[in-house]
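Peer 1: If you look up TrEMBL, you'll see 1-27 marked as signal peptide. Among the features that TrEMBL reports, domain 'Peptidase A1' is placed at 109-448. If you look up TrEMBL, you'll see ASP127, ASP333 marked as active site.
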Amino acid sequence: MARLTTTYPTTFTFLFLSLLLSSAATAVDPCSSSTSTDDPTRISVIPIYSKCCPVSSPAPPPPHPSSLLDTVNHLAARDHARVSSLISPTAAADVPIAPGKQLFNIGNYVVRVTLGNPNRTFAMVLDISNDLTFVPCTPCSGEGCSAADPPLAFFDPNASSYWAYDCPSELCSHVPGGSSCPAGKCLYNQSYGGDSHFSATLGTDFLFLGGYYISGFAFGCVHSISGGSIPAQGLLGLGRGPLSLLVQTDQLYSGVFSYCLPSFNSYYFSGTLKLGPIGQPKFIPTTPLLKNPHRPSLYYVNMTGVSVGSVKVPIPSKSLGFNPKNGAGTIIDSGTVITRFVGPVYAAIRKEFRKQVKGPFSSLGAFDTCFAANEDAGAPVITLHFQGLDLVLPMENSLIHSSSGPLACLAMAAVPKNVNSVLNVIANLQQQNIRVLFDEKKSVVGIARELCN
């Protein structure tokens with residue numbers, strides 16, 4: 001059989017190579033910028049183990065990005081401490097740590113934030129359940145400052161236009177845990193992640209984010225860390241309290257923001273954080289936001305049930321009901337990795353899931369319902385029901401597959417056994433590739449599928 005060959009004219013070849021080289025020269029590096037070039041209010045949200053993440057990975061190094069099950073288990077090791085701190089901001093979780101294994105408060109997603117004048121850019125952890133933005137500052141004392149892994153990036157208040165708030169002052173009255181006034185400055189102590197504690201001074205400086213310079217932005221300047229570590233380059237607080245970014249920029253962004261979190265295996269891509277009402281989805285299903293005066297930072301929603309396949313799981317109403325007196329209900333959180341349900345709720349979901357999937361079942365890390373599966377076929381779809389809104393989870397948001405063999409795990413769990421919890425937490429794994437819109441003025445949360453990778 002004659003071999004078919006194709007030849008190209010010399011002129012065509014030259015033009016083709018010229019176009020190819022031109023495209024390569026003008027290609028956009030997805031890691032080169034913190035915002036979209038056509039819309040500065042679209043801020044990149046970067047997975048902590050992404051190639052684009054400016055924060056170096058902690059030791060021990062994470063698994064290869066293709067080992068998604070291992071990566072999620074690695075990140076979810078902090079969930080116990082996280083959930084404990086959400087239930088009680090002053091609680092210190094008793095978190096079991098495997099021999100030779102350290103846990104780090106590295107967060108799951110970061111955004112680039114610029115502080116000061118002259119300025120410095122930090123990759124801050126995105127956290128919607130904490131109000132006050134904070135950053136490590138010089139000088140810093142304590143083991144958490146010098147032995148942190150990854151190493152901390154420090155803001156130098158003496159080399160910027162920063163100044164510390166006097167004490168007493170109105171803003172100082174809102175700092176976590178109350179304030180003290182050494183030398184007349186606003187000093188406060190805060191726990192983070194359940195096992196870390198730090199001391200910081202409330203101060204103010206310029207913030208550059210989403211295409212805008214914001215003067216007089218209040219944040220914590222951390223100068224002492226004990227216990228575990230804190231996020232290496234600080235935290236961006238998007239909670240609902242008076243010191244959050246959302247409240248401080250109310251006149252600019254009108255209490256509106258949204259995010260779309262990329263998958264943990266999006267090694268080369270990032271999601272987006274969008275600030276303000278402009279450019280948000282116009283038609284998006286919504287559910288009401290609920291307010292808990294005892295936990296004003298948290299985004300409570302009215303979750304009404306869960307379906308596994310076509311079966312509405314029988315769940316006691318008191319296990320989902322909102323009760324501000326004891327903190328019961330359901331919140332949306334960006335820092336917890338896998339969704340955690342209170343004991344009776346998770347037991348009912350697991351029972352129905354196992355009934356439909358058959359077995360045998362095994363446990364692996366944070367997951368107690370793992371089974372042999374080469375693909376998603378045959379696994380039931382899980383739907384989370386909220387007031388006025390049903391969230392049908394994509395299969396990759398409810399099942400985690402192992403790359404080492406035909407194994408899949410139900411990507412949910414019960415709250416820690418050592419935590420007396422009445423709080424259900426919708427975590428970031430279940431929010432991936434979904435646009436989640438928060439509108440504080442309208443008091444709603446919007447949820448819609450979107451490919452953010």
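For all residues, glycine too, the Cβ spot is worked out from N, Cα and C.
What TrEMBL says about a protein is an automatic prediction, not a curated fact.
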Peer 1: State the Cα to Cα distance, in Å, between ASP127 (active site) and ASP333 (active site), rounded to an integer.
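Peer 2: That comes out at 8 Å between the alpha carbons.
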Peer 1: Count the other Cβ atoms sitting within 10 Å of the Cβ of ASP127 (active site), across every protein chain shown.
Peer 2: 23
Peer 1: Helix, strand or coil at ASP127 (active site), per DSSP?
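Peer 2: In the DSSP reduction, ASP127 (active site) maps to strand.
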Peer 1: Averaging the per-residue pLDDT over the domain 'Peptidase A1' (109-448), what integer do you get?
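Peer 2: Looking only at the domain 'Peptidase A1' (109-448), pLDDT averages out to 91.
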Peer 1: What are the non-local neighbours of ASP333 (active site), defined as same-chain residues 6+ apart in sequence with CB under 8 A from its CB?
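Peer 2: The list for ASP333 (active site) reads ARG82, LEU86, ILE128, SER129, LEU298, TYR299, VAL425, ILE426, ALA427, ASN428, given in order along the sequence.
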Peer 1: Name the secondary structure element type, per DSSP in three states, that contains ASP333 (active site).
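Peer 2: Its secondary structure by DSSP: coil.
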